[in-house]
Amino acid sequence: MSKPLMRIPYTGPLPPPLIIPPSAATRQGAIAALTHFLTSSVSSSAPIHHVSNTPSKTTRSDKTVLLTGAGISVASGLADYRGQNGTYTQNKSYRPVYYHEFVASHESRKRYWARSFLGWRGLHRSKPNATHYAIRDLGQLGFVNNVVTQNVDSFHSLAHPKLPTVELHGFLRALVCLSCRKLMDRDAFQARLAELNPAWATFLQELLQSGALDTENPVERRRLGLRTNPDGDADVPGAPYTTFRYPACPSCLQRPPILSDGSKGHVEVDKDGGWSPSNSTNGVGILKPNVIMFGESIPASVKAEAEAAIDGASKILILGSSLATYSAWRLVKRAHEQGMGIGILNMGGVRKEEAFFGDYQNHGGDDGLSALRRGIVRASLPCEEILPAVVEQLRQERGQ
Ligand SMILES: [Zn+2]
């Protein structure tokens, strides 16, 4: 039986990016190399290690599966983790709330929801960008058959609802009840948070008026008193989280859930419907964002879906991810073990990327042609500039 897969943040240093072939250092070179990558069949000279229960190369499509990360949403105004203005770069003391803390502690949940209450508006206003629409086009042109994303912003489903996307770390557009597993819409939840926390709702209005939530520049936001982090999280220095209230699951309130020991669960709430810890040590009716929090395991079904997406393609292209999260890195390792073509377009270093490109480097890696033949591309340029140009190039080649 395979081990559960846990989402763990990685904050160690990353090496400088590899550039393969050397021509991919320039914009034109990277566009040419990626266009070739998407249109070529992978040469069988690539190392293939036998992996049981995966389809043989002959049954695979010639298509590319995409693996995307926070880097592609920066152009939509969201913070990433390790970029120039990334959370770990700008805010060294940032530490996300872990799953076990969220589940076990009323205080942790208050802190989480207070910050999320302020951060949600920024995420909610943000829209998919040129990268997401280029991905839609690659799907329509028939080069890409699946997307696996680590992002929780739902931009993929907005930009390309027809191209299947596995959301490896869930999504913020809904909450899930830890007792009955029913989902609740995030906008409805946001309205309840405003009702339960009028002082915070006023503060949010003030922030809106100050313009701190209008600017997409993280440095300017900080100047106006607001820090934003990935996953729709915001940080207000000195704000009293202890008074923050959050609603209980409306379904559990209406119909008490049956607990794992067979007993009927009871949800404690205050007079306004705010979740109250007074009687429930186990915590019935607690709503959690429907994302895989740090320290939480990815459901087996999602893990299997992501693996099937990898196994159904002959090449994998990583966009805007430093693969710092092991759950993403191991998917690329899986592709590498099957001899799949590997392309990475990410600004800056990628965790242990020499594991995927080492063979190539050891065999006199400056010959650009051999890299292209073996289905290897590595560039460190912005996705939102390069990917739409690749789509344009592919259309020209097809005479469209
Ligand atoms: Zn419930």
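Cβ atoms here come from the backbone N, Cα and C positions, even for glycine.
If you check TrEMBL, you get these features:
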DOMAIN    48-397  domain 'Deacetylase sirtuin-type'
ACT_SITE  H169  active site, proton acceptor
BINDING   C177, C180, C249, C252  Zn(2+) binding site
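Counting only residues at least six positions away in the same chain, the Cβ atoms of C177, S179, C180, K182, M184, V267, G285, I286, L287 sit under 8 Å from the Cβ of C249 (Zn(2+) binding site).
In the predicted model, residues of the domain 'Deacetylase sirtuin-type' (48-397) average a pLDDT of 85. Candidate recorded positions: H169, C177, C180, C249. Those with a Cβ under 6 Å from ligand 1, in sequence order, are C177, C180, C249. Highlighted in sequence order, L178, S179, R181, K182, A248, P250, S251, L253, P257, V267, V284, G285, I286, L287 have their Cβ within 8 Å of the centre of the Cβ atoms of C177, C180, C249, C252, the residues recorded for Zn(2+), and are not part of that set. Of all Cβ atoms in the protein chains displayed, 22 besides its own lie within 10 Å of the Cβ of C177 (Zn(2+) binding site). Taking CA atoms as the reference points, C252 (Zn(2+) binding site) and the residue listed as 'active site, proton acceptor' are 25 Å apart. Listed in sequence order, the residues of the same chain lying 6 or more apart from H169 (active site, proton acceptor) and placing their CB within less than 8 Å of its CB are R7, Q150, N151, V152, V291, I292, I298, S327. The candidate set comprises the binding-site residues C180, C252. Of these, C252 has the most other Cβ atoms within 10 Å. Mapped onto three states, the DSSP output places C249 (Zn(2+) binding site) in coil. In three-state terms derived from DSSP, H169 (active site, proton acceptor) belongs to neither a helical nor a strand segment and is classed as coil.
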